[in-house]
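Colleague: Questions regarding the structure given below will be posed in turn.
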Amino acid sequence: MAASSVVHRRVPPEGGWGLLVGVGMAMMFVVTLGSLPSFGLMFGDFLTELGEETSAIALITSCFFSALSFAGLFTNTLMKKTSCRTVGLIGATSYIIGSMLTIFVRSTNELLISFAVFQGAGFGLMIPVSYTTFNAYFVEKRVVMMSVAQTLIGVGTMFYPIFIQRSMDAFGFRGCMAVLAAVNSHTLVAMLVMHPVEWHMRRVPDDAARRPAVVEYGPVATSEDDPKVKLTTETDNFRELPAGQGLGGHRTPEKHRGSRRASSIPGLGNWSGPVVVSDSTERDSKPATKWQILVDFLDLTLLKDPIYVNIVLGISFALYSDLAFFTIQPMYLFMLSFSKADVSLIIAIGAGADLISRIFLAISSTCLNIKARYVYLAGALFTIIARFGFLCVFDFYGMAIVTAIMGFLRTWIHVPLPLVFSEYLPQERFPSGYGLFMFLQGNITFAIGPIVGYIRDVTGSYTVSFHVLTLVMALCVIPWFFEICYYRLKGKVRQEQAPPHVTIPMICETKE
């Protein structure tokens with residue numbers, strides 16, 4: 001090839017049709033997430049007429065997230081058999097069918113099928129499709145565009161409870177469900193715009209084509225020398241662990257495992273994890289047993305890693321506690337004799353604080369480099385403190401202020417969630433690791449979900465139920481705190497005992 005020839009490569013559009021993908025993703029999350037904190041507004045009177053209230057809400061929401069987790073677990077397998085957009089369309093269809101069936105429900109079991117099963121499974125299919133497509137369209141502008149999308153989601157969810165309340169007043173319960181079914185049908189449009197990125201790729205000169213590959217440890221090697229060595233280019237700003245130091249075995253400190261951008265708050269919304277240029281790890285050629293097939297399908301070897309297990313359990317407990325709290329909150333406010341208008345306004349104030357918090361995280365990410373897991377831990381800790389204040393106020397303004405504080409902190413629990421996994425797991429294990437988390441999280445939610453409703457029915461006290469949910473949130477904070485302290489102390493000891501000639505490259509040291 002002549003020295004003057006130009007090598008081109010195809011890159012994501014970083015705009016163009018990707019803008020529609022971002023809008024579609026935001027639209028999908030607005031109509032799906034908006035209904036969860038308003039569940040009590042939508043079905044509170046209906047369940048009260050049936051003689052079931054807190055226990056039914058706890059059961060239905062638990063089944064919703066269980067169906068979501070099972071659907072999310074099989075999304076990766078479905079994507080191997082069909083296109084990503086087709087999987088999204090299947091999810092949207094399931095969600096719309098569930099919304100239409102909700103118009104005609106007459107019992108708790110029917111609501112369980114329409115809302116929990118159909119809508120939960122549909123939502124579970126659309127989540128990974130939306131983020132996978134979004135990440136494919138944006139690389140350099142991913143942080144900015146994700147911040148814009150999160151802002152749109154915050155604006156939509158802020159007005160959603162007020163919209164539901166006015167629809168209930170104007171059209172009644174079933175009329176409101178019909179209106180929401182029409183609104184939820186926009187998920188089909190959202191999935192239709194999820195075009196494969198190959199349809200809209202750009203051709204640009206490949207300036208990095210001639211840059212040498214580098215490795216972090218030892219002499220320069222190639223994939224022919226060691227098939228397990230991960231090679232990268234300098235532009236990737238990424239360093240991979242040497243062969244033999246993976247999950248389930250000895251782990252080096254976290255700052256050796258990812259790029260700064262992929263494992264800090266500036267990477268909010270990055271579900272794909274650090275980018276590995278090549279991974280030619282050889283697979284065993286022996287026939288796999290049925291158990292081995294299940295282990296490979298679910299990547300159960302991740303359960304040998306105590307840090308991964310602690311992350312999964314902590315996030316599962318925190319998510320359940322957060323979602324159950326805000327689902328039961330409207331019923332508690334009704335018990336305190338708040339009107340429906342006041343309750344919808346309080347929920348909207350909490351959603352508005354959530355929006356402000358998203359903007360705050362987006363702005364602070366430009367000047368602060370904080371690990372997503374630390375943000376998550378801080379959000380869970382301060383939420384526990386705020387909940388004690390929540391139980392000490394009984395007037396509208398006090399309740400609105402405390403709800404705003406909890407809404408602000410709620411963003412710290414939801415937005416950094418995928419990044420907690422992407423900063424810990426290597427790229428090739430992120431899909432299976434996140435899918436296994438969804439599976440386990442759904443089962444945990446299904447197992448402990450009805451307990452809070454049962455406690456409420458037995459004790460007749462919302463206060464006791466809220467204290468139980470706060471205790472569940474503490475099951476995230478306490479183990480994480482001890483784990484972080486343990487590995488920090490262990491890392492300092494190893495650093496002191498390391499031979500003088502062992503050094504850490506400066507490019508990795510900048511991560512913290």
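Backbone N, Cα and C define each Cβ position, glycine as well.
Annotations per TrEMBL:
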| type | residues | note |
| --- | --- | --- |
| TRANSMEM | 17-36 | transmembrane segment |
| TRANSMEM | 56-74 | transmembrane segment |
| TRANSMEM | 86-105 | transmembrane segment |
| TRANSMEM | 111-131 | transmembrane segment |
| TRANSMEM | 143-164 | transmembrane segment |
| TRANSMEM | 170-193 | transmembrane segment |
| REGION | 241-267 | region 'Disordered' |
| TRANSMEM | 307-328 | transmembrane segment |
| TRANSMEM | 343-361 | transmembrane segment |
| TRANSMEM | 373-390 | transmembrane segment |
| TRANSMEM | 396-413 | transmembrane segment |
| TRANSMEM | 434-455 | transmembrane segment |
| TRANSMEM | 461-482 | transmembrane segment |
Colleague: Thinking of Cβ pairs under 8 Å, which stretch from 17-36, 86-105, 170-193, 307-328, 434-455 has the most of them with the transmembrane segment (396-413)?
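Modeller: Stretch with the highest Cβ contact count: 307-328.
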Colleague: Six or more residues out from either end of the transmembrane segment (343-361), which same-chain residues have a Cβ under 8 Å from its Cβ atoms?
Modeller: 37-38, 40-41, 147, 150-151, 153-155, 157-162, 164-165, 265, 268, 326, 329-330, 333-334, 375, 396, 399-400, 403-412, 415
Colleague: At an 8 Å Cβ cut-off, counting only pairs 6 or more apart in sequence, do the transmembrane segment (86-105) and the transmembrane segment (143-164) clear the bar of 3 or more pairs?
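Modeller: In this chain the transmembrane segment (86-105) does not contact the transmembrane segment (143-164) - fewer than 3 Cβ pairs sit under 8 Å.
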Colleague: Output the single range from 17-36, 111-131, 143-164, 170-193, 307-328 maximising the number of Cβ pairs under 8 Å to the transmembrane segment (434-455).
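Modeller: So the stretch in question is 307-328.
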Colleague: Determine which residues of the chain contact the transmembrane segment (307-328) at the Cβ level, with the cut-off under 8 Å and only residues 6 or more beyond its ends counted.
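Modeller: Tertiary neighbours of the transmembrane segment (307-328) are 36-37, 39-40, 54, 57-58, 61, 65, 247, 251, 350, 373, 376, 380, 383, 387, 410, 413-414, 417, 420-421, 424-425, 433, 436-437, 440-441, 444-445, 448-449, 452, 456, 462, 465-466, 469-470, 472-473, 475-477, 479-480, 483, 487.
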Colleague: State the residues, same chain only, that lie 6 or more residues beyond the ends of the transmembrane segment (373-390) and have a CB under 8 A from a CB inside it; answer 'none' if no residue qualifies.
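Modeller: Those are 265, 311, 314-315, 318, 322, 325, 361, 399, 402-403, 405-406, 409-413, 416-417, 420, 423-424, 466, 469-470, 473-474, 476-477, 480-481, 484, in sequence order.
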Colleague: With Cβ-Cβ distances below 8 Å as the criterion, list the same-chain residues six or more beyond the ends of the transmembrane segment (17-36) that contact it, or say none.
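Modeller: For the transmembrane segment (17-36), the nonlocal Cβ contacts are 42, 61, 92, 95, 119, 123, 126, 130-131, 133-134, 137-138, 145, 148-150, 152-153, 156-157, 160-161, 164, 180, 183-184, 186-187, 189-195, 199-200, 323, 326-327.
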Colleague: With a cut-off of 8 Å between Cβ atoms, can you find at least three pairs linking the transmembrane segment (111-131) to the transmembrane segment (143-164)? Only pairs 6 or more residues apart in sequence count.
Modeller: no
